[in-house]
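Engineer: Let me begin by handing over the structure; questions about it come next.
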Amino acid sequence: MSITDVLSADDIAAALQECQDPDTFEPQKFFQTSGLSKMSASQVKDVFRFLDNDQSGYLDEDELKFFLQKFESGARELTESETKSLMAAADNDGDGKIGADGTFTLVHHTKQCSPRSTREGLGCGIRQGLTSPFP
């Protein structure tokens, strides 16, 4: 599967352009511009499988670091703070992993983490009470 099987190459390019400089990655903005936020649960699950390099069923910080490069091989790596912020936004149980259901919720309901929360390991999590679209 290629990411352009489910997302427009032009939308991906526009999303990557918005965050080409270090520490400018804003998940919600990226998801909106790339078209991810418009995708169904099934489509997000397909994208999740594409992002899950080791096919473990989870994304860890090592995989998130290369998140942008999964959309375009020449894209930059996420900085450490961007990676930790993205993880904190979807890792509700603090195990250091994001599953497919967490990815769907992240794409559709991102809560921005403050740099202080991420830096101090306080976590921020996404809004509670959201149900997973996956069985």
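Cβ coordinates are placed from backbone N, Cα and C, and glycine is handled just like the others.
Model, not experiment: these values are computed from the prediction.
Pasting the relevant annotations from TrEMBL:
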type	residues	note
DOMAIN	39-74	domain 'EF-hand'
BINDING	Asp52, Asp54, Ser56, Tyr58, Glu63	Ca(2+) 1 binding site
BINDING	Asp91, Asp93, Asp95, Lys97	Ca(2+) 2 binding site
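Give me the local environment of each listed feature.
Structural biologist: Distant neighbours of the domain 'EF-hand' (39-74): 1, 3, 6-7, 12-13, 15-16, 19, 25, 83-84, 86-87, 96-100, 103-104, 107, 133-134; these residues of the same chain sit at least 6 beyond its ends, with a Cβ under 8 Å from one of its Cβ atoms.
In sequence order, Leu51, Asp52, Asn53, Asp54 are the residues near Glu63 (Ca(2+) 1 binding site), counting only same-chain partners six or more apart with C-beta under 8 A.
Counting every protein chain shown, 24 other Cβ atoms lie within 10 Å of the Cβ of Asp91 (Ca(2+) 2 binding site).
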Engineer: Which of the binding-site residues Asp91, Asp93, Asp95, Lys97 has its Cα closest in space to the Cα of Tyr58 (Ca(2+) 1 binding site)?
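Structural biologist: Smallest Cα separation from Tyr58 (Ca(2+) 1 binding site) among Asp91, Asp93, Asp95, Lys97: Lys97.
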